[in-house]
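The next block holds one structure in the form of structure tokens; read it before the comments.
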């Protein structure tokens, strides 16, 4: 789609406003809305000025002017606003150089794709994330000097089987780890998920599947067709936006938080990925799991740099409450065909053109631009340096003898450990100027503040363990 096409859409659909969107460092969508009458072809060359100092982890107030540069290919109508509004995703551009801002996540993702092409290894990287989420009826939390708490509720939750309702208790509910995946009325979110899928398709995505997930209390998943790196990261933001707003319209609240419930499965973002060149899938071969040597080396790079990748792929303190044994979360850095206890799975496919790997440890607190770019850079490092991942692990990794378990590397056990790993293992990310040391340092500082805030906060469980000592 070209700027002329966008202007034609504005005319045909009688668009009143254009919503300029971008992702901050944390991956949260930000937006500023302008009248459609202010958008012309020059807007796609000159952009729109804005104050970058208000975005956490970006510029100081003394050098705050930045440019939102709309990408015409991302134009899509917003399905939620009252007035006809067109969404345009933007890159963040430095006014002095008119180049992508080095801390802009989308610009980093673009540089990763460009670097991949410059190596000659591949011309296409495909990503297919599976974003899991919960749908709750009520959520409350507080954290201040007088105390801290959180409370979630869902009419579907197993803990409500004994609750007295004015109109009677519906009775049909998935229990703990019982949501995957009985038909309605046990699955009470069929119609809501379908409404979400309808919205996603109206916004240009190709929905492949939707279903209830394992956990009680409304855990769900919507599968969307894979896409190239930057386009798929764009789609992840649109998917989260659509899911949360459709839930809101139904009087519900949706969250992609990795571990909102204690004692049941958390929300992951398993990321399927593959490389191609001249239309040929480079991951398809005749080695283990139908993989090529290139794919095995890509896996080797992911495993080698996994702890640094955790900083981008599991980008919250809450992420590491999910990455524990016993809840289908992959903590072992191993690969296997069809074995979901390994952190990297090779899905079974009939068509070699669909051959891919699935990296299972990420979650949706990741900024998709940064996470996908970082995984691509790790995989390329594995290919360039012929890093073999070792033998596949086809046994149940959740039930290993202690001596075998110790021999297998694991993902980080905390966010601060992941940030330390990123600080020490960053060279593979800075090749080709994809990530810069300045960006990584700013990310470490921003995320370190989250670690410090939680570390300094008294937790209710501490009262349970220590109050009476």
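Cβ coordinates are placed from backbone N, Cα and C, and glycine is handled just like the others.
Worth saying up front: this structure is predicted, and the values here are computed from it rather than measured.
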Do you know which of 130, 132, 155, 156 Swiss-Prot groups with 270, 358 in the Mg(2+) 1 site?
-> 130
C-alpha of residue 273 (ATP binding site) to C-alpha of residue 265 (L-glutamate binding site): distance in Å?
-> 24
DSSP-assigned states of the domain 'GS beta-grasp' (13-97) in counts, ordered helix, strand, coil | 16 helix, 35 strand, 34 coil
Residue 353 (ATP binding site): secondary structure state under DSSP, collapsed to three categories | helix
Show which residues of the chain containing residue 270 (Mg(2+) 1 binding site), separated from it by at least 6 in sequence, have their CB under 8 Å from its CB.
-> 129, 130, 358, 359, 360, 362
Check residue 322 (L-glutamate binding site) against DSSP and tell me helix, strand or coil, would you?
-> helix
To what whole number does the mean pLDDT across the domain 'GS catalytic' (105-469) round?
-> 95
Rounded Cα separation (Å) that holds between residue 272 (ATP binding site) and residue 132 (Mg(2+) 2 binding site) | 14
Non-local Cβ contacts of residue 345 (ATP binding site) (under 8 Å, 6 or more apart, same chain)?
-> 335, 336, 337, 338, 339, 357, 358, 360
